[in-house]
Structure formats: structure tokens, C-alpha cells
Amino acid sequence: MGSIAGFSSAVLSKLGIPVPYAPRLLAGGWVVAGWAGLAYGVYLTVIALRLPPGSELTGHAMLQPAFKASMAVLLAAAAVAHPIGRERRWLVPALLLSATGDWLLAIPWWTWAFVFGLGAFLLAHLCFIGALLPLARQAAPSRGRVAAVVAMCVASAGLLVWFWPHLGKDNLTIPVTVYIVALSAMVCTALLARLPTIWTAVGAVCFAASDSMIGIGRFILGNEALAVPIWWSYAAAEILITAGFFFGREVPDNAAAPTDS
């Protein structure tokens, strides 16, 4: 892992992502997670190209749920080495809950998979908010940030209105409404968070885009036509959200940092 992590730090530096404090485990785990997300995206794309448009893309292999969840699991492992203890305590469960949601949404044969997957991601968003909220309180927001928050709230309300007539059929009115509120709160908190880079904010918007496509596919189209772009947007979301936390920052003197190996 040491050689992978060293190579990862060099790659990140060449990409212009500074790593002033990133331990080897963190940088290496983040890069390996990115490769896992890329690999699953390619796998999903190949399946989609072999099937008629709108076909179900999950349930094609016994290990597909584990494959899908591997990116978030690896990001959680990387987050264990995050030097800022308060953020680490929120990020690790957020990513493990995301992995749980990935797993559940990859087992379509279970009737309750969507509802429990929704619940797992709802809790993940609350954990992300826990990590982001102190960063959003550090200074008065700029007009641009406020405008982005307003746009996010308007878009979320519009989606809920669009989905609303279709939610009662599966008794999902309350769960989906609560989820959209939590997702919107997470994205708005990310847009307001004071971080050295824009990656976390961009990642949060990608998360909203991914979940919006899930809702459109399930409640409007009634098929899996958007499954491939959903994954790519979601993978970008998790990678970018964590990049904003992990890289380009200085460690506060009072941070409880795990030892680097």
C-alpha cells in the first residue's frame, strides 16, 4: 500500500491537487476508490450496451452488489486516516452508509431494497451535513453562494412537484419528501462550506443530479434508461466530496490526527 500511496500523492500533485497533510493511506485509498468507481462504471456501461434500452442493469452477477459498494467502502477506509478528528467521525459513517445504499440498490429482487437504500443514503446525507455544518458557519456567505443555495432549493421543490403525483402508488410520498429535504440540506451546506477548493460543493451538486435521475427513472420513465449516467454522476459525487475534505488543507493544531505509516 505504501508504494501505491506514494504514487497516488505524486499523481495528485501533478493534477494540481495539493496534499499538504494527506497521509499515505488516505491518498492511496482515495485513488484506489476512484479506480474502483471507474471500473464499475465501465462494467455497467458494457452491460447497458449489450441489452435493450431501459433494461435492468443490476442483478446480473452474484458479486455485483459488492462491486458497486467497493468504491464507497474504499473511501471510508481512506477517511479513517483523515487527520481532522471531528470530520473523520462523520465522514466514515457517511461513506459506509453510502456503501450500504449502493449494495441495497443493486439487489432489485428484494421488494424493500429501494426503501432501505433510500434510508441508508438519507442517513449518509445527515452525516455529511454533520461534517460540513461547522465549515458553513465560518463566515457570512457570498452572494454567489446564496444564489446557488436558492437555485438548489427551487430545483428541489420543482422535482418534488414533478414526482408528487407518482409517489402515492408505492406509498413513497413521505419517504421521498423527507429524502429530498435531506439531500437539499446537504447540498446547500456544501455550497456554503468554507473549503480551499470547490470539489466538495461540485460533488454535492453531482450527488443531487444523480439522485434526480434516479427519481426520473423510477417515477417518470419507469425504467433503467438513466442507470449509466446515474452511476457516473454518483461516482463523481463521492470522489469529489471526499477530495474537498482530504486535499489542499492545513491541519489545525488541535486536530486529532491518526499516525501515518
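Keep in mind that glycine also has a Cβ here, set from the backbone N, Cα and C atoms.
The transmembrane segment annotation in Swiss-Prot covers 29-49 (among others).
Residues 21, 23-30, 32-34, 36-37, 39-40, 43, 58, 91-92, 95-96, 98-100, 102-107, 235, 238-239, 242, 245-246, 249, 251-252, 255-258, 260 of the same chain lie 6+ residues outside the transmembrane segment (65-85) yet bring a C-beta within less than 8 angstroms of a C-beta in it. Positions annotated as transmembrane segment by Swiss-Prot: 65-85 (among others).
Positions annotated as transmembrane segment by Swiss-Prot: 90-107 (among others). Packing against the transmembrane segment (90-107) from elsewhere in the chain are residues 58-59, 64-66, 68-73, 75-76, 79-80, 82, 113-114, 116-118, 120-121, 123-125, 127-128, 130-131, 238, 242, 245: each is 6 or more residues past its ends and has a CB under 8 Å from a CB in it.
Sequence annotations record features per position, and here Swiss-Prot assigns transmembrane segment to 111-133 (among others) based on sequence analysis.
The transmembrane segment annotation in Swiss-Prot covers 146-166 (among others).
Same-chain residues lying 6+ beyond the ends of the transmembrane segment (172-192) with a Cβ under 8 Å from its Cβ atoms: 115, 118-119, 121-122, 125-126, 128-129, 132-133, 136, 141, 145, 148-149, 152-153, 156, 159-160, 163-164, 200-201, 203-205, 207-208, 211, 215, 241. Annotation comment: Swiss-Prot describes 172-192 (among others) as transmembrane segment, evidence class sequence analysis.
Here Swiss-Prot flags 197-217 (among others) as transmembrane segment, drawing on sequence analysis.
Marked as transmembrane segment by Swiss-Prot on the basis of sequence analysis: 227-247 (among others).
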Report task. Six or more residues out from either end of the transmembrane segment (146-166), which same-chain residues have a Cβ under 8 Å from its Cβ atoms? Result -> 173, 176-177, 180-181, 183-184, 187-188, 191-192, 201, 205, 208, 212, 215, 219-220
Query - Chain residues in Cβ proximity to the transmembrane segment (29-49) (below 8 Å; excluding those fewer than six residues from its ends, i.e. six or more beyond) - result: 4-5, 7-8, 11-12, 55, 57, 60, 67-68, 70-72, 74-75, 77-79, 81, 227-228, 231-232, 235, 238-239, 242-243, 246
